[in-house]
Amino acid sequence: MSSTKADRKAAGDAASWLFNVVTSVGIILVNKALMATYGYSFATTLTGLHFATTTLLTVVLRWLGYIQPSHLPLPDLLKFVLFANCSIVGMNVSLMWNSVGFYQIAKLSMIPVSCFLEVVLDNVRYSRDTKLSILVVLLGVAVCTVTDVSVNAKGFVAAVIAVWSTALQQYYVHYLQRRYSLGSFNLLGHTAPAQAASLLVVGPFLDYWLTNNRVDAYAYTLTSTLFIVVSCSIAVGTNLSQFICIGRFTAVSFQVLGHMKTILVLILGFIFFGKEGLNLHVVVGMIIAVAGMIWYGNASSKPGGKERRSLSMNGNKSQKHDGLPESTEVDAKV
């Protein structure tokens, strides 16, 4: 019985990761074609449209009875939306103000920041092998993505805001699901409308500031509009799969194994958009990163690899921190 349950969980975990990888890589390729080929450079507004589409789906599913009523206190909702929107805006501004190399380094630093949040807020402890495997993943991704690195004061500030807000947003996805026993669609049903409204208000102004182009002045064609619709449709799956994966695992596992998407995007980019930039050190970096991910998966699944130390008065029991806890009781943190 326990073996069957473990097999079922493993199959569910694999399906969740596959869902996230396919939708994430798909939306990156569609958005790259939309922006590079059709000149639609309004990233923040497009993200607002993504959340508006997600909101529409959650409304329909709630009306059909597939999403049950749930409660998320307003302060927690506002806190989550603040972190999530700062993440989106911070990443866009960081990419504009920093070199691509420093932007990639900032993205890599999300893993140490997420580890710090789990250690401080959830009392998580990592084994030596788990820590080393994370370093190997960071090294591999850095080798194949980081090129020129130049830093300036305002770009550094934007990167810091982007990194911390992204790490906090991903931590809160896991925390809110545990704290209020929310499913992925339930949590999306609460957060997507607020994010859609705020990003569709702020997005056009931010995009104008970043690109000096107005979204309402863009020359929409049938093809570019079709790409926008496809991007919004895939984004529903991307948003849902992110919540599913972080709910089943943690923000750190999502970040570490999520770098597989970086490798796949590089490979598919070389296949569909030309082999410029493909060289030996990129291939070596990919191999190192994949080896680190396999090591991380093995190390973190072993006893003591990654555990939350319970603060209960009844004992000093530890629990594995790779999925949702069996009970809905919240750890005495945050």
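Backbone N, Cα and C define each Cβ position, glycine as well.
Automatic, uncurated: that is what TrEMBL annotation is.
For 12-30 (among others), the entry in TrEMBL reads transmembrane segment. Sequence-distant contacts of the transmembrane segment (12-30) (same chain, six or more residues past either end, CB-CB distance under 8 Å): 227, 230-231, 234-235, 237-238, 241-242, 244-245, 248-249, 257-258, 260-261, 264-265, 268-269, 272, 323.
Feature annotation from TrEMBL assigns domain 'Sugar phosphate transporter' to 23-296.
The transmembrane segment annotation in TrEMBL covers 42-65 (among others). Non-local neighbours of the transmembrane segment (42-65) in the same chain are 31, 34-35, 88-89, 92, 185, 188-189, 192-193, 195-196, 198-200, 202-204, 206-207, 210-211, 213, 215, 218, 228, 231-233, 235-236, 238-240; each lies 6+ residues outside the stretch with a CB under 8 Å from one of its CB atoms.
Per TrEMBL, the feature transmembrane segment maps to 77-95 (among others).
Counting residues 6+ beyond its ends, the transmembrane segment (132-149) has Cβ neighbours under 8 Å at 99-102, 104-105, 108, 111, 115, 126, 252, 256, 259, 262-263, 266, 281-293, 295-296, 298-300 in the same chain. If you look up TrEMBL, you'll see 132-149 (among others) marked as transmembrane segment.
Here the transmembrane segment (155-173) has Cβ contacts under 8 Å with residues 76, 79-80, 82-84, 86-87, 90-91, 93-94, 97-98, 102-103, 106-107, 109-110, 113-114, 117-118, 121, 187, 242-243, 246-247, 251, 254-255 of the same chain, all six or more residues outside its ends. Here TrEMBL flags 155-173 (among others) as transmembrane segment.
Beyond the transmembrane segment (185-206), the same-chain residues lying 6 or more positions past its ends with a Cβ under 8 Å from any Cβ of the stretch are 42, 44-49, 51-52, 54-55, 58-59, 61-62, 66-68, 70, 72, 77-78, 80-81, 84-85, 88-89, 92, 173, 176-177, 214-216, 239-240, 243. What TrEMBL records for 185-206 (among others) is transmembrane segment.
Among the features that TrEMBL reports, transmembrane segment is placed at 218-240 (among others).
Residues or ranges marked as transmembrane segment in TrEMBL: 252-274 (among others).
Annotation comment: TrEMBL describes 280-299 (among others) as transmembrane segment.
Taken from TrEMBL, the feature region 'Disordered' applies to 302-334.
The feature compositional bias 'Basic and acidic residues' is assigned by TrEMBL to 319-334.
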Point to revise | Chain residues outside the transmembrane segment (77-95) and at least six past its termini with a C-beta under 8 angstroms from it | key: 43-44, 47, 103, 106, 155, 158-159, 161-163, 165-166, 168-169, 172-173, 176, 190-191, 194-195, 198-199, 202, 206, 210
Check your understanding: Same-chain Cβ contacts of the transmembrane segment (280-299) under 8 Å, 6 or more residues past its ends?
Key -> 127, 129-130, 132-145, 253, 256-257, 259-260, 262-263, 266-267, 305
